[in-house]
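For reference, the structure discussed in these notes is given below.
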């Protein structure tokens, strides 16, 4: 082999491999690895690709249901929505690159998740995102918000897919590690799904798409280590995206799939050519021989190490039917994309890489992929926090001033400044735009619609990982239900700190147990996902943030509900039990200055029972508007319904049994607001009593103000001005 760097303990450590892992490599291959082999092991055995700290716990997630076609383990999950149609979806993180280079980090995050979806044979129809930024007063936050939002919009808008929903939060725990979680949803024929497992010996392995450069080398390894003060120096490991090349790649891939050319397909994402080739071979129980002399490159003098670890974007690897090779090549040439046979499948179960006539790597393929190291790391449960009793919390201001303050806080204010930079209506199928409970996207050429949402409440997960995990799933389920959707499945993006710290691993394990329990109780299986660990800087971890992306089905998209009040004189009903739970509420944090206490418990049986009733009301046309209750509680939800319509409401006073500020701002779970015509109110209330569903009339729509009996009132227009002003003002340079 060629002269390569000497393998030293320092070089091994620089590749993110622990001494015991390197010893395992020596035992596995019976010799010292080459430099290229060391890079391959580093890429395949890092946390980002191998899931070595999380795999043992992920096995407990419920992943099956009659409508699940493909669960975790492929590029994306697939569910059956009837009529021969399937929805393909996944969520993935691009956290570390987005902190270092926010625009490019965000663009390539979107590009990567779109490829995961169309690799399965689906045409992307929607994107969503979940963004977590540091405290507004942190000197980098404005720059990061601006770059990430521009990157998401720049890629999605140019590629031609609508960005229809998401979630954005600010907290000081994300100062040194922001989170950029991107979700993509696509539509495919249920009987034409494409998979990654190669089959057949001596089948051509074809490189497709853009040329390989030096960008992104060790991007996956960077995503498997915590940051320190030198993180800015990692800028060269951030990939550069080209949405127009990705659009060409999409069309070319779908065309050769339709021409029945493809045996297996894998996008080149994390760890690039290494990961895609290893996964295809390992999943198919085959070996892979690659000749790097055939790889299209855009830079001269690239080494085998660089080509194997490059994360240049807009690239695919396929195993083609030999008799279809010329037809496939003609299709890709037509789209102006590179097409090169770079290797063949073999029966050897070995991964062999050649360059310039030399063998640069010769490794057992299964041990690189399926049989990477697996850890059951020590973990300790988070200590239980005390329940905060509402009567012990002094209200620092009256109810209406507190509402005005809350809707102008970073977490609860309008995110219009963000979503107006995204094209959310391209393709012409967006039924409900951002700003409601869930986006609704029409399934083209039919009456069906998809309800899409992304949810998590990190402060709950920090306070009680188990309840926080349950709540993240329950809120996604509620948001889909609140637009009239039938929740079908989720994708998760599990963002946590350093798993080598037992308390962080305890958060991960606790959240995962909560997610599993909620998914089982709500019949809401996990079909895809991503784990992002080491989200720490100088030992300070992010809040545990298990983002949940939910997908639901509407049989008739024209019957979806929205949050806006529809007309004056309708009854406002509060469905679900209200106790006035203030622990970990936004009110307690942002009005009272206390970030403490146990979060609200999640009663999954109540979630199911109450949600099914609300969905039935929407389908029957009884509910004219619907909104789930979450951050900010009852009065914030009422304000959102009023601001969405311009119609006010006359509200009854808080019941004597609940402290007023806890009634209006508590965050009890399993609750919805619905409006019904006055003529239906009595019948609905009686029906709810008969079904053992808590339901109370709390007011009537009408006027131009929110008016609470015995309290002050506030004009809806005044609320809207405050609601819409904070984020544009902040991004324009106003003090945080």
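Quick reminder: no glycine exception, Cβ is built from N, Cα and C everywhere.
Quick caveat, the model's predicted, so the values are computed rather than measured.
Of the residues 532, 547, 560, 562, Swiss-Prot puts just one in the substrate site with 93, 94, 95, 96, 115, 239, 311, 312, 313: 532. Summary of the site annotation: Swiss-Prot records ATP binding at 90, 492, 529. Screening the candidates 51, 460, 587 against this entry identifies 51 as the one listed for that site. Surrounding the centroid of the Cβ atoms of 51, 90, 492, 529, where the record places ATP, the chain contributes additional residues within 8 Å, namely 58, 72, 91, 92, 491, 493, 494, 526, 528, 530, 531. Spanning the residues 51, 90, 492, 529 that the record associates with binding ATP, the maximal Cα-Cα distance equals 17 Å. Of all the recorded positions given, namely 92, 94, 267, 530, those whose Cα is no farther than the 10 Å limit from the Cα of residue 51 (ATP binding site) are 530. Among the recorded positions 48, 92, 116, 267, 530, the ones whose Cα sits within 10 Å of the Cα of residue 492 (ATP binding site) are 92, 530, in sequence order.
Here the candidates are the recorded positions 92, 94, 529, and by Cα distance the one nearest residue 267 (Mg(2+) 2 binding site) turns out to be 92.
Within the same chain, residues at least six positions away from residue 530 (Mg(2+) 1 binding site) with a Cβ under 8 Å of its Cβ are 90, 91, 92, 93, 181, 492, 493, 494.
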